[in-house]
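So that you can see what the record holds, here are the features copied from TrEMBL:
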type: DOMAIN; residues: 6-50; note: domain 'RING-type'
type: COILED; residues: 115-218; note: coiled coil
Amino acid sequence: MDDQGCPRCKTTKYRNPSLKLMVNVCGHTLCENCVEMLFVRGSGNCVQCDTPLRKSNFRVQLFEDATVDKEVEIRKKVMKIYNKREFDFPSLRDYNDYLEQVEDIVYNLTNNVDVENTKGRMEQYQRENKDIIQRNKAKLTREQEELEELLLLEQQSNEQRRLEVLQEEQRQLQAKRKSKQTLLDELEQSKLPATILLAQHKVRAAQLETQIEQQKQNVKPTSLFSTGIQIVSESLWVFLSWMGFLRTGEGDSWLTTEC
């Protein structure tokens, strides 16, 4: 596999491990330095395909294949318009036909196949389905807010659990130190033989270790929301963002989603 690099300045990640590659809507790559140099006025053309580009639409390349980044970005934009769900259709077959249509659109835009007609189909669909797009968008926004609230509550719960664990570890450490100090005091002051005192200390230490193990068993890592929803991992969160299911704060570049 060829080493990743900038097609303009020919710098590679092998020679410069900190090289940051950027990608735009056309799917072609430039390094961050070349983006700053070529798009100093905020806009310009792609050095590979001559597509007019805006500097603000460059984003960090996430995959080795820049085409994958392009498809992910296009899919996110398409899903903001084609946001119907299975319950919006009278049958599963109709829903599958709809999904196939969406995949055809994503494929065409990703691979530059009949792009203008494909965009025209999207714009026509957007006009004809304005109300349902807005309704599903509002519904999705509510679901996003609920999910984000659950994630925040889970975050707070995990932080509280972390603090409790730290406090418990401090108590255990203090208890062990106290036990050792008690032994030293008894060896210094008690008239009992040292062997007996050491045996008593050993029993107390064993009891303390048993208590600590029991407390550890009671502190179980949280893996589920109280509602039963599994915690969203970082990779899944990113994937949902790509698919348009989570707010990302990014603007659209070539097609509006506002109706």
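Every residue gets a Cβ built from N, Cα and C, even glycine.
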Taking every residue in the coiled coil (115-218), what is their average pLDDT?
82
Tally of DSSP helical, extended and coil residues in the domain 'RING-type' (6-50):
7 helix, 10 strand, 28 coil
